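Lifted from TrEMBL, the feature list:
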| type | residues | note |
| --- | --- | --- |
| DOMAIN | A:4-77 | domain 'Pyrroline-5-carboxylate reductase catalytic N-terminal' |
| DOMAIN | A:122-245 | domain 'DUF2520' |
Number of protein chains: 2
Amino acid sequence: MISVVIVGTGNVAQNLYHAFKKSSEINIKQVIGRNREHLAFVQNKALISTDFSNNITADVYILAVSDDAISAVAQKFKGIDGVLAHTSGATSLDAIKFAQRPGIFYPLQTFTIGKIISLDTIPLCLEATNSKDLNILKTLGNQLSKSVLEVNSEQRKTLHVAAVFVNNFTNYMYTMGSEICAAHNIDFSLLKPLIKETASKLDTLTPIQAQTGPAKRGDQKTLHNHLQIIKDKHQRELYTLLSNAIKEKHGKEL
Amino acid sequence: MISVVIVGTGNVAQNLYHAFKKSSEINIKQVIGRNREHLAFVQNKALISTDFSNNITADVYILAVSDDAISAVAQKFKGIDGVLAHTSGATSLDAIKFAQRPGIFYPLQTFTIGKIISLDTIPLCLEATNSKDLNILKTLGNQLSKSVLEVNSEQRKTLHVAAVFVNNFTNYMYTMGSEICAAHNIDFSLLKPLIKETASKLDTLTPIQAQTGPAKRGDQKTLHNHLQIIKDKHQRELYTLLSNAIKEKHGKEL
């Protein structure tokens, strides 16, 4: 049995709470947040606390707060005896090095407000300053996911940058697609099977192998025709930039 | 019972062949390609033909050839009595208007060599010059997919542009992510659950609602840190451009 305290009320805190709750090997001792209303997701109301200067002992304190708040909130827990682990991809271990036993418990996933997803296959990227603390985090992680790995702060930051490309920027491409549809009164949901399959292709292909389209083929006629259709200046610039990048990557010349 | 001839041997031809074959209401009368070896996917060898000047009658001739070849190949079939429908998102009906009964049968999906996928939920975008021909294409489409719709050439071209953003450009974001991982000896497959969930979020959210990340939050510190990690000039430019675009879209200022 491993005991945890969750600090935070956002998407990560909520998803971890539900995942921890499912394991008979994990004892959630407390969930702490500033705002009692934001703690409504905690079904067992006895676990709720708004007191950050608590004295409850636990093996692990999960600090699932926004990047900006990590250091300040961690300060309130620096006296605790358990492992104090933040959940940020972009924040180094150094940000909480004043803690007695600093650690990182970073789930490499995008979380949506109000949507609880399975963490079963989500990489949990762990870091600690010694093997004992690392093993405690591993014990906790193994209860949630098949993919638990030690990742140092530099690797984790790199993963986070790559995640920005495949998640944040990909989603922005979806935004562009939806705006193009909206401008022509076309239902964006028609593109959803394509979006799903674009992601699924990576089950069997590398992104380089999976690349298709007019830029990849060097199909100047279609590239030209598309630029006739796109009226928005920003979308035109993006279309040209990314088409040229794909052409260059795949060895086609303008 | 509706009878079809398939012209072409690529990913679209192969996927349509397998989808047609599954329906007891569709009679594949012939599959025509230039190269007998490329026709190996056709299990019933009696259907294979390399003769484009054929005289087989069918309700629909599916012209699943590359965009550049559509007009030239269609010329060989201009005397036929059935509906002659190409499968391209980027090519207008006008490209084959010399046919007696031109049509379009465009599956809005990305097809991968050697991968046969279900067309069950794939939008089939149809166009014809009269309601009789449109109904024949609908009858055929309804055998394959729940999502069969009439889409005129202009709408279809717009859908194709939007598809380039959500598929081609999204895949390029995956390429960038994989290159960043490779440069730091990190296993790109760690990002695959994130990639899948990024696509799945659109089941319940619009892309604007689904946007997350440092640019959306206006988190200057992380944006700055990420640019320290990205060494490749092109990746840096892309990171800056897309982060600024997201910030602008979501009302945050630099």
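Don't overthink the numbers, they just go from 1 along the chain as shown.
Heads up, the Cβ atoms here are built off N, Cα and C, so glycines get one too.
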### Message
As a quick check of your reading of DSSP, tell me how many residues in the domain 'DUF2520' (A:122-245) are helical, how many are strand and how many are coil.
### Response
90 helix, 8 strand, 26 coil
#### Entry: Composition by DSSP (helix, strand, coil) of residues within the domain 'Pyrroline-5-carboxylate reductase catalytic N-terminal' (A:4-77)
28 helix, 17 strand, 29 coil
### Task
Across the whole of the domain 'DUF2520' (A:122-245), what does the mean pLDDT come to? Round it, please.
96
